[in-house]
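Listed in TrEMBL:
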REGION    1-22  region 'Disordered'
DOMAIN    132-295  domain 'SLC41A/MgtE integral membrane'
TRANSMEM  173-198  transmembrane segment
TRANSMEM  246-266  transmembrane segment
TRANSMEM  278-303  transmembrane segment
TRANSMEM  309-330  transmembrane segment
TRANSMEM  342-364  transmembrane segment
DOMAIN    376-502  domain 'SLC41A/MgtE integral membrane'
TRANSMEM  414-438  transmembrane segment
TRANSMEM  444-468  transmembrane segment
TRANSMEM  489-511  transmembrane segment
């Protein structure tokens, strides 16, 4: 008969007490049978969970969990049944305020853009108006990529060690400076090229190159006549003015917003929140708001010294700063490979957004309220998709590294439904706000149809997010870097096409807004 484990444990304790010291040999400990507490279990997969992982490991479905299920290893977590709805509740609590804040920020950005476009610098140099959608689109994607990378690192426990945390945060901030400088310079080149090729656009009120759903309100902005004096004396001086304004605003925005996003991810990790649910939408909406504010302020300052060497000096100093950051990035093992990656999706997204600009230009004047409604039907589904991409990417990285992420109960379909349901009240609240403040008179049928098409846009965003993430991963490309720019651009286009379809149906029914 096998000896009772409790008797064996008591004899061992007696043996230790007789020796009168704390030296316990490892082989003695291995002979003890330990029964874990009934209320706890370690964060490991049981046989059923393992079978589910084998089934879903390729599509990243093990990322679909709330923050309550994330652990930092084999730590003890309370055991129990009925964990599905607490997990779903965690997703709702984390995502709903974030998406609501995103919608409010979109409205503020549109109002700010309306005001900034009337400032002296913008009315004097037309290319400063043209550069806004380009630089905001590219910069917004950079911030979303940063938040996705940091969220993955946090959920895999890489930020728990202080030294590793400083290395990862510092490397990502230096990388963001390099990327911001490059994209701002390219945005300035694009704006100047547009000014040369399409000079008639600068005299009209239409936004020539819409790149982001946030900027839909730029359509048909009334432009005041340029002030007397202060006009750049040559095209080179004008380009220097545009480049210096764009590069300085992008770099300062990267410092402010990049630091905030890293801080936000670390705080989420510390207090048990899932940064994948919070960081990407905030990065997108705050990125537009902060960058646009800085661009307006800096251009208003530099327009007073436009014919002096000061703008050129600002460009040189910004390039020198980016060069220093290049050396810092190449010495940082955690981000040195990223300096060569991610450029193709950034500029690919810019090309896709050209089609969005064509749609906006064709229908913004035909349908009353089209730019205003396009803010939510394009921006909010894109934010939901960015959350989904970030969660799936975290799971794929964890599976690749054999990291221990606790398997949660919600299935991919359940989480997709949860994210869809979260956004419906926000859309309804947005439409009610438009009607209450008299910004747009919406017939009941149009409101119902717009909500239905909005749900279609959200569902499409989630499906595209899942397919795109898995496709890029199967090709050996990091979704944290490649997925979000393409997904954002596609949802801008799809959302506006669905909105056009909604307006067309209303027109066929003989109703007008």
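Glycine too: its Cβ is placed from the backbone N, Cα and C atoms.
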For the transmembrane segment (414-438), which partner among 173-198, 278-303, 309-330, 444-468, 489-511 gives the most CB pairs under 8 Å?
444-468
Sequence-distant residues near the transmembrane segment (489-511) by C-beta distance (under 8 Å, 6 or more away from its ends) are 137, 212-213, 348-350, 352-353, 355-356, 359-360, 363, 366-367, 370, 373-374, 377-379, 381-382, 385, 443, 445-446, 449-450, 453-454, 456-457, 460-461, 464
Sort the residues of the domain 'SLC41A/MgtE integral membrane' (376-502) into helix, strand and coil with DSSP and give the three counts.
105 helix, 0 strand, 22 coil
